[in-house]
Every structure is written in C-alpha cells, then in structure tokens.
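Features reported for this protein in TrEMBL:
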type	residues	note
TRANSMEM	B:12-35	transmembrane segment
TRANSMEM	B:41-60	transmembrane segment
DOMAIN	B:62-141	domain 'YdbS-like PH'
TRANSMEM	B:167-188	transmembrane segment
TRANSMEM	B:208-236	transmembrane segment
DOMAIN	B:238-317	domain 'YdbS-like PH'
TRANSMEM	B:343-361	transmembrane segment
TRANSMEM	B:367-385	transmembrane segment
Amino acid sequence: MRQTPANLIEETAISAWRLTAVLYLIIPVVLLAGSIAAFVYISWPWWVIAIAVSLLLIDIIFSVFLIPKLRWRRWRYEVFEQEVYIQHGIIIRRRTLVPMLRVQHVDTKQGPILKKFSLATVTISTAATTHEIPALTEEEASGLRDRISELARVEENDV
Amino acid sequence: MMYEKRLHPASIVFQFVRSLKDAAFGFLPVLFVIFNNGASWYEFSGLGLLLIILFIFSIVKWFRFSYVVTEEELQIKQGIFVRRERRISKHRIQSIDLTQTLLHRIFGLMKVQIETAGSDENVDASLAAVTFEEGERVSENLKHKGERTEEDHEKAYPEEVMSYSRLALTGATSDNAIIIFGLLWLLFSQANQIIPDQMYEDATRWLFSLAVQFLISLVLLSVLVVWGAGIIWTMVKYANFTITRYETELYMRYGLIEKRQRTIPVNRIQAVIVKENLIRQLLGLCYVYVEVAGGVNGGKMEGSTVYLLPLLKKNDVPGFLNEYLPEYCRDNPGMKRPPLRSLPYYIWGSLLVSVTAVIVVSLTVPAWVLIPVAATVIFPGWGVFRWRTSGISFDETYLNLQYRKVSRETVTLRRARLQAFGKKDTWLYRKQGLATIDAAILNNAQGRHFVVPALWEEDVAKASETFSKVPGIHKKLSEERGG
C-alpha cells in the first residue's frame with residue numbers, strides 16, 4: 001500500500017463541494033447576524049463582533065477555498081480484479097483495501113448538488129464497513145458500480 | 001418428528017409477564033390516579049379487565065405459535081392476526097443458544113435462541129419455553145451435522161471444566177476488582193490527610209478521630225463486601241463452565257441458577273482475542289474471547305464477548321488454542337514493536353488533555369491543582385505503557401495485533417477473514433516512516449476495527465502485501481525503478 005491509487009475523481013467535485021460549503025455558510029452567517037443584532041440592541045462589546053467576523057472569514061477561506069481543493073487532490077481510487085483500493089483524508093491520509101470477496105453490495109447515490117454537476121457517488125459496502133468513492137460522472141459511477149458488483153459476484157462467500 | 005409443535009404452556013405465563021412489563025408505562029398513570037384520589041370500584045374493575053385481556057392475549061399468542069424441525073430447516077408459524085411463517089435453513093444458522101432462567105428451571109424448561117448471519121432482529125428466531133428434552137432435541141437437530149452418531153459419542157472430544165477455585169480467582173481479578181482496589185488505595189493514601197496530626201493532640205479530637213477511623217473501616221468493610229459479592233456472582237454465573245470442541249463447533253455451557261449453553265460453528269469465528277487486565281497481567285493470567293459473525297444478541301455472554309475460557313494462565317494459551325481452536329493457534333508470533341520515534345504520538349494526546357486540565361483547574365480551583373498535575377505525570381506514563389504494548393506480526397495466513405487501552409489485548413486474525421485493510425498516515429508520519437494500521441472484521445452486529453497507531457510503515461506495508469493479491473501497489477516507486 002505504498003503507491004497511490006491510479007484514478008482521480010472528477011475535478012468538478014471541487015465546485016460541487018464549494019457550493020455545498022457555501023450553503024452550509026448559512027449557519028455561521030445567521031450566528032453573525034444574531035451577534036450584530038445583539039451589538040445593536042443590547043450593546044455587546046465591539047470585539048465580539050470583530051471575533052465573529054474574523055471567524056467567519058477564516059471559515060470561508062477554509063471550507064470554501066482550501067478544503068475542497070485539498071480533498072479533491074487526495075481522493076483517489078483504483079479497482080482491481082480482486083480488490084478496491086481507495087485513498088482519502090486531508091491531514092490524516094487513509095488508504096483502504098477492500099477485497100472483492102467481501103463486497104456485499106454497491107450503490108450509486110446522488111444528492112441535489114451532485115445532480116446539478118451531473119456527478120454521482122459510489123458506495124461500497126462490506127458486511128462490516130462502508131466505503132465511498134465520491135463525485136464521479138454519472139456514467140462513470142454507474143459503470144463502476146456494475147463492474148464492482150460483477151467482480152464481487154464470487155461463489156465462495158462464507159460470511 | 002415432522003409434525004407441528006407448540007411451546008410449553010408455561011410460556012403463556014412468560015408472555016403475560018413480558019406484556020405486563022411492556023404495558024407498565026401505560027399502567028403508571030392509572031396507578032397514580034388511584035393513589036392520589038383513592039380507588040373507586042370501576043377503576044379496579046378496569047384494571048382487572050385490562051389484566052384479563054392481556055392474559056387472553058398471551059394465551060392466543062401461545063396458541064398461534066407453532067414450529068417444526070425438519071431435516072433441512074426450522075419452520076416457525078406465528079402471529080395472531082397477521083400470520084407469519086418463517087423458514088430458517090440449517091446452513092444459515094450461526095449459533096444456537098440454550099438458556100434457563102430461574103423461572104424456566106422451576107418448570108423444567110429452557111429457551112432456545114437461534115441466530116442467523118444478519119443483524120436483523122426479525123430474522124432471528126427464539127422458542128421462549130420448551131421442555132428440557134425438547135430443547136436439547138431441537139438444538140441437536142439444527143446443528144450442522146444433525147444428530148450425532150454413536151461413533152461420535154464414543155470419540156473423545158477435548159473438554160475442559162473450570163473449577164470453582166479458578167472461578168473465584170476470575171471474580172477476584174475482574175475489572176471491577178481493579179476499580180475496588182483503586183478506591184481502597186485512594187482511601188489509604190488520603191487517610192493521613194483526612195486526619196491531620198494535630199487531631200490526636202487533645203482528647204475530644206481524639207474521640208473525633210476515632211469516629212473517623214471507624215467510618216473509614218466501615219467503608220473498607222463495605223468495599224470488601226462488594227468485592228466478595230463480585231467473586232460469588234462470578235462463581236454462580238459461570239459455575240461449571242465447560243468448553244468442548246466438536247468437529248466443526250465449539251460448545252460452551254455454564255451457570256448455576258441461570259443455565260446457558262451455546263454452540264458456535266468454528267467457521268463463524270472472526271477473531272480470537274487474549275485480554276489481560278492489569279491485575280491479571282501481573283499474575284500472568286488472561287482470558288480468551290472470540291468475535292463471531294452475525295446474530296442480534298451476537299455473542300452476548302457478557303457485553304459482546306464470547307468467552308472461550310473466563311480465565312487461564314497466559315502460558316497455557318497456545319496449548320489451549322492448539323487443542324480447542326487450532327485454526328487460530330499461532331505460537332509465539334514475535335511482535336514487531338513501534339520505534340522510539342513513535343512514542344510522542346502515544347503520549348501527546350493524553351498530555352494535551354492533562355495540561356488543559358492543569359490550566360483550567362489552576363484558574364478555577366487552585367487548591368486542587370495537584371490532581372491534574374499528578375495526571376500529567378501519570379498519563380504520559382500510560383502513553384509509554386501503551387507504546388510498549390503495541391505490536392504487529394503477520395505471516396501467510398495470520399495477522400496478529402497487540403495494543404492496550406487499559407487492558408492488554410492480543411488479537412489473532414485470519415487474513416481471509418478481514419473485511420477491509422486500512423493504512424493511515426499524516427505528513428509527519430510519512431516523513432518519519434510510520435503508519436497506523438486499521439484492520440476491520442465482522443462481529444455480531446457491526447464491524448469491529450482493530451487500530452494500532454504509529455507502527456513502522458515498513459511493517460504495515462508488508463502486512464498489506466500478504467493481505468492483498470495485487471502486486472505492485474505495495475512497492476515504493478523508487479523500489480520499482482531500482483528493480
């Protein structure tokens with residue numbers, strides 16, 4: 001498990017993740033609005049607002065600009081005849097080998113945001129664990145799903 | 001043998017008790033009203049009517065439940081209005097569990113629980129109350145080989161019975177015992193501070209200190225009583241613990257008041273774990289348990305663990321496994337330990353916590369700051385302890401991992417049983433040639449991950465190589481180029 005898996009996921013994943021992050025920004029924005037209102041009406045100290053604004057800026061830089069890019073660069077996968085090999089994780093890099101023998105079922109799923117970018121996620125489940133390959137093109141995802149489920153169709157499966 | 005059977009009529013009583021328990025919450029407001037306003041006759045009669053309905057319900061439920069054991073499968077029909085018929089093939093049965101609670105024993109009955117691979121409660125089946133002979137017959141029939149032949153009975157299978165003295169030792173060195181001894185130690189180490197020296201100086205205070213001493217000995221006594229009760233409880237619960245190895249199954253039975261029997265097909269076992277808590281490690285003792293695939297109540301003998309033996313000598317483990325579970329016997333794996341440079345990773349997490357604690361406590365309750373300061377000494381020590389325990393070992397078929405949270409656990413996994421093999425690292429780990437291993441197996445309900453942090457990357461990569469069939473991905477790019 002020293003070589004990186006060969007395939008990258010779609011680059012549009014970055015945009016999709018960015019959009020998701022922007023949507024999630026609603027929560028800190030609401031909080032910020034609340035603290036500004038508190039500043040105006042019950043006269044909170046000004047530095048609370050300063051901290052809140054800078055936190056929001058940091059959040060935007062990380063969740064919208066940095067993380068999606070880094071995440072995309074790290075996500076990789078490769079499907080072998082007997083194994084699926086996946087890598088992900090920004091700070092902690094995880095590499096996982098899933099034997100085909102152990103694959104119970106493969107799903108593709110697509111939320112509204114992925115749909116907008118015509119992307120889909122492949123989920124590989126064993127009896128004990130679940131693994132994801134996010135953000136492939138729709139055709140790629142369904143192709144991969146079919147291919148894995150075909151490879152996983154092995155007689156000897158005792159558990 | 002092929003005709004339908006009902007459960008023993010006593011199961012009406014069991015069902016009634018169970019539905020009473022379920023309905024208890026519904027009864028509560030009624031009882032509350034009665035207690036507050038005094039009962040009038042219609043309230044009592046309403047309650048009575050409810051009880052009668054529940055009882056009739058129990059009878060009908062019993063009447064509508066029937067089962068058949070055939071050559072190939074177990075068939076169960078049940079349901080009052082919605083009839084359900086379930087067939088469970090013999091080959092799909094994970095384990096058969098025979099239990100006798102006190103209530104069962106009064107009637108001479110037992111409960112048969114059948115577990116299948118899924119973790120769906122609705123798929124599993126249980127016969128709540130059948131006669132003793134019937135239970136034995138059902139379980140014999142459902143075992144993989146069906147009924148044992150004469151020849152089988154004559155053949156001597158390995159069997160081990162735990163003596164009462166060994167069970168007493170089990171109770172005396174259990175995890176609870178450690179907590180109790182910890183409390184005792186704390187009590188004695190603090191005793192001098194509770195009774196300052198000046199107290200002895202004048203007579204009234206001397207009396208007071210006597211009272212304190214009396215209190216302390218009272219606490220001591222009650223702690224010892226709890227410990228003793230723990231020992232007795234263990235002895236009663238696991239009385240006559242017997243393990244037998246048949247061709248393809250392990251068979252355990254135990255219990256004095258509540259009797260249990262359990263059959264586990266060997267090919268359902270996913271991992272064998274040797275666990276030593278602190279006291280037992282000092283005494284060279286341990287226990288052996290297994291992770292079994294499937295079953296809602298999985299291996300619930302205690303928590304989620306299926307004991308093979310509640311207590312044995314560490315040195316006897318290879319011999320024991322060799323006899324009872326040779327599939328998982330790997331003598332002296334020779335653990336590879338993590339290097340010195342991974343020690344900080346074992347320490348820093350706990351150090352962070354304790355340093356934060358020191359800061360917080362010194363800001364809030366400065367008088368108590370010694371407690372977290374002591375923790376900053378103890379926790380890193382613990383980290384060193386954990387680092388020394390961690391280890392990995394592997395060959396063609398086996399993967400052994402050793403680690404410690406509090407108790408030391410030595411895991412034996414079969415390569416073919418792994419559900420997924422993971423390797424984790426960070427930028428720092430990569431620079432230092434370290435990696436964390438994460439091996440997932442299937443146990444009763446979900447998976448279980450065995451994680452050992454900050455091992456040599458070399459060892460983890462080689463372990464992945466024996467695990468994986470794909471050549472190439474285990475080699476460094478530079479190694480490939482170099483040939």
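Even glycines carry a Cβ here, placed using N, Cα and C.
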- Quickly jot the same-chain residues contacting the transmembrane segment (B:343-361) by Cβ under 8 Å, restricted to those at least six beyond its ends, or write none. 368-369, 371-373, 375-376, 379-380, 382-384, 386-387, 390, 434, 453-454
- Message: Which residues of the chain, 6 or more past the ends of the transmembrane segment (B:12-35), have a CB below 8 A from one of its CBs?
- Response: 43, 46-47, 50-51, 54-55, 57-59, 61-62, 103, 128-129
- Item | For the transmembrane segment (B:367-385), distant same-chain residues with Cβ under 8 A (at least six beyond the ends) | 343, 346-351, 353-355, 357-358, 360-361, 404
